[in-house]
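Dropping the structure in here first, questions after.
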Amino acid sequence: MSRPVRNRKVVDYSQFQESDDADEDYGRDSGPPAKKIRSSPREAKNKRRSGKNSQEDSEDSEEKDVKTKKDDSHSAEDSEDEKDDHKNVRQQRQAASKAASKQREMLLEDVGSEEEPEEDDEAPFQEKDSGSDEDFLMEDDDDSDYGSSKKKNKKMVKKSKPERKEKKMPKPRLKATVTPSPVKGKAKVGRPTASKKSKEKTPSPKEEDEEAESPPEKKSGDEGSEDEASSGED
């Protein structure tokens with residue numbers, strides 16, 4: 001199918017030139033009317049909050065500024081007070097040191113004034129005792145000799161001590177004398193014990209000499225008869 005042909009009209013723009021100029025002038029004289037945009041309630045709340053926050057921030061900043069100013073003033077006052085305190089302490093120390101130095105000077109002057117008359121008194125005393133110094137020195141020499149003699153005496157005493165020790169040697173103990181107990185039981189009368197026999201058999205050399213020197217004595221008649229009777233019994 002073929003499309004239908006449109007009817008085209010030829011338009012002369014020369015007819016509309018004046019009207020176009022008038023529209024341009026009208027647009028220049030009065031601009032298009034501005035439409036008012038309605039703000040939503042959320043945006044209004046946000047604006048109010050932002051306003052409050054801004055006010056609070058401004059108040060906080062003002063308070064901070066005031067505090068900083070006060071701190072600065074306090075620090076300045078404290079620094080001035082500290083300076084004054086340091087000055088007072090220095091002044092007190094200086095005054096104390098000056099007073100101590102004055103006291104020392106006064107004491108030294110007093111001591112010097114006391115020493116001068118003492119020296120004057122000591123001078124004649126030394127002149128009087130000057131002659132006895134030599135004697136004193138001689139006495140010192142005697143003391144030195146006395147010390148040397150003491151040392152010698154000590155040495156002699158030390159040497160004599162071991163001799164005393166030798167003298168104090170322990171003495172040998174005496175042998176206990178044993179007394180023979182009498183023999184119990186039957187014993188023949190007249191028989192000597194073994195110890196007595198041994199003593200009789202071993203005559204001492206002195207007794208032998210005496211027997212050799214002394215001549216044999218003659219037996220009496222009674223002793224001879226007794227010997228014979230004893231031999232007959234045996």
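Glycine residues also receive a Cβ, built from the backbone N, Cα and C atoms like all the rest.
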Looking at SER61, SER148, SER195, which one is marked phosphoserine in Swiss-Prot?
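According to Swiss-Prot, the phosphoserine annotation belongs to SER61.
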Can you check which of SER132, SER149, SER160, SER230 Swiss-Prot annotates as phosphoserine?
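So the answer, going by Swiss-Prot, is SER132.
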Considering the residues SER113, SER198, SER220, which is the one that Swiss-Prot annotates as phosphoserine?
SER113
Swiss-Prot annotates one residue of SER30, SER54 as phosphoserine; which residue is it?
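So the answer, going by Swiss-Prot, is SER54.
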According to Swiss-Prot, one residue in SER14, SER39, SER101 is annotated as phosphoserine; name it.
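Going through SER14, SER39, SER101 one by one, Swiss-Prot flags SER14 as phosphoserine.
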Would you mind listing, in sequence order, the residues at least six apart from SER14 (phosphoserine) in the same chain with a Cβ closer than 8 Å to its Cβ?
none
